[in-house]
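In Swiss-Prot this protein carries:
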type	residues	note
ACT_SITE	386	active site, nucleophile
ACT_SITE	514	active site
ACT_SITE	516	active site
BINDING	12, 185, 186, 187, 188, 189, 190, 221	UTP binding site
BINDING	12, 145, 146, 147, 185, 186, 187, 188, 189, 190, 221	CTP binding site
BINDING	13, 14, 15, 16, 17, 18, 70, 237, 238, 239	ATP binding site
BINDING	53, 359, 387, 388, 389, 390, 410, 467	L-glutamine binding site
BINDING	70, 138	Mg(2+) binding site
DOMAIN	298-541	domain 'Glutamine amidotransferase type-1'
REGION	1-264	region 'Amidoligase domain'
């Protein structure tokens, strides 16, 4: 097996994850089996208990792993399914080592960072890629962070453990452009590489993030001072879309460098990127344009909704349509003035569809319920996800079924009509971490329903992350008043999908699941595809 390690320097949020994903895409396009790993040097076991403001989106895997959002990019770019094991945290490493110590596995030896922590890191990395040709590992954070040192030491040791021809180091760094001087500065990258070399890691490839093209002189300077080949200084200029990055890196020759350094055997030196290029072309050269309003409580940090926004991009690309996003704070829709706010957005052509994503807690919940009501009453295409489905049910119960005060017990334990309540198995759970209904579950779709037509299947398999459900005691009154429960768990007890009749509303559907985690650039998720198509049809009819 071959290993590629991606590190970052100078500043965070440089795009290490997109770089790793793009390399994975290029190598898969040449026929290699790819495995991806993200290392996060924080002390949590996983990302499940972290605030979206701290961490961004929690990406859920099929097996129920609550992971870093970069795993979402890996899955989307490389079109693979990952597991909880593909996200390694400091907490997970120490938990494993300390558990072994308590069991006596170390036979009385002094347990230390080296070799015990570093050995554990190496074993965890190796265990994820047993059925692949290449494992790509992204080290979170920036070179120089104290939290990253054990991981950097572990990947340094890999070269000795598995051989020089089986390990490659890629360093992603920033080349700041000073406008007043009119030049790119290489010194921060030089210092970053010096720091990395001080740990014992010599990068094989430099990926240089830049606003403007890199001159030959700059490449030569970086090659000299960072001790890499000139053709291994890769320009990573700002792209029009993240999906353009693999194409840019391919033009820079990064895949050929990797193949040569790792001595990879390939019968396909030219990658199959035809469909990918066509998809990128549709994104950057759209024929149409729509705006979807996302009503959320974490809109100050867009990373909290990464998979949702990317799913809209995928669906838009299929329909040659640019999907603009109007970010709407749910707290601004709490009172009756919400109608004026929404009317103004419609008037300004900024509301061709409404999407309410998942979330937790009471803050802003009334605004989400009002947004669902507005979509229902004004025939605006609507997609509700997780909490977005629960809000649609609360609105329907209050305003159609006339169950005044209907609510979720998450927000009002004494609600007169608890139309949303704990899942039975969740009621007595006190721990927060890893205890929700997590991972992939099957739903049976109602024949002839909108959900069934969108999926074009009798069953749907989606990922979940929730503690609450539509209270089964209220299924009958909801359906008697016109709500369609169009998908349920195999035993028929848990409502997985709800919708309105397409004769009364063009597109109103919601799911307890998180469909955004399964959308792919060349295979948009059916629910997002339906939302974009309905919103586009509505706009073109005006």
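Glycine is no exception: its Cβ is also placed from the backbone N, Cα and C atoms.
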Lowest local Cβ density (other Cβ within 10 Å) among recorded positions: 467, 514: 467
Per DSSP, three-state class assigned to residue 185 (UTP binding site): coil
Least buried by Cβ count (within 10 Å) of the binding-site residues 186, 189, 190, 390: 190
C-beta crowding around residue 53 (L-glutamine binding site), within 10 angstroms: 11
Fewest Cβ neighbours within 10 Å, where candidates are the recorded positions 70, 138, 238, 410, 516: 238
Which of 15, 17, 188, 359, 388, the listed binding-site residues, has fewest other Cβ atoms within 10 Å: 188
Least surrounded among the binding-site residues, given as 387, 389, when other CB atoms within 10 Å are counted: 387
Three-state secondary structure, residue 138 (Mg(2+) binding site) (per DSSP): strand
Entry from the binding-site residues list 185, 187, 221 having the most other CB atoms no farther than 10 A: 221
